[in-house]
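Peer 1: Supplied in structure tokens, the structure appears directly below.
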Amino acid sequence: MRSSWMFVICFAMLILYTNGRILRPETSWEDELEDDLANNKRSLACSCEDGSGRTGTHWIFDCPKGWADCGGFRCCVETSK
């Protein structure tokens, strides 16, 4: 029985450390989720279908904050500041 608990603990530690990040207490789940979504940006260019002729970037999920959908399949452009 003791060896099975050690296996579970070692397996959990392996997952946490190979994942490359451990949640820090000072960060919230929303911040972590937002970072994860921002990291899911694809590096593929796309052409906006709104007639502007702009080139955007494909995103796996919806456009993040500071970006706008310009038509096409999840084609987003950075909004002007």
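Think of each number as a place in line: the chain as shown, counted from 1.
Placement of Cβ uses the backbone N, Cα and C atoms for every residue, glycine included.
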Peer 1: Going by Swiss-Prot, tell me which one of CYS70, CYS75, CYS76 is disulfide-bonded to CYS63.
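Peer 2: Of the candidates CYS70, CYS75, CYS76, the one Swiss-Prot pairs with CYS63 is CYS76.
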Peer 1: Need the cross-check against Swiss-Prot: the disulphide partner of CYS46, picked from CYS70, CYS75.
Peer 2: CYS75
Peer 1: Return the single candidate from CYS10, CYS70 listed in Swiss-Prot as disulfide-linked to CYS48.
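Peer 2: Recorded partner, per Swiss-Prot: CYS70.
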Peer 1: Just counting, how many other CB atoms are there within 10 A of the CB of CYS46 (disulfide bond)?
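Peer 2: So the Cβ neighbour count for CYS46 (disulfide bond) comes to 20.
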Peer 1: Which residue, out of the disulfide-bonded residues CYS63, CYS76, shows the minimum number of other Cβ atoms inside 10 Å of its Cβ in this structure?
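Peer 2: Output over disulfide-bonded residues CYS63, CYS76: least Cβ neighbours within 10 Å is CYS63.
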Peer 1: Compile a sequence-ordered list of residues in the same chain as CYS75 (disulfide bond), six or more apart from it, whose Cβ lies below 8 A from its Cβ; state 'none' when nothing qualifies.
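Peer 2: Residues satisfying the criterion: CYS46, SER47, CYS48, GLU49, GLY56, THR57, HIS58, ASP69.
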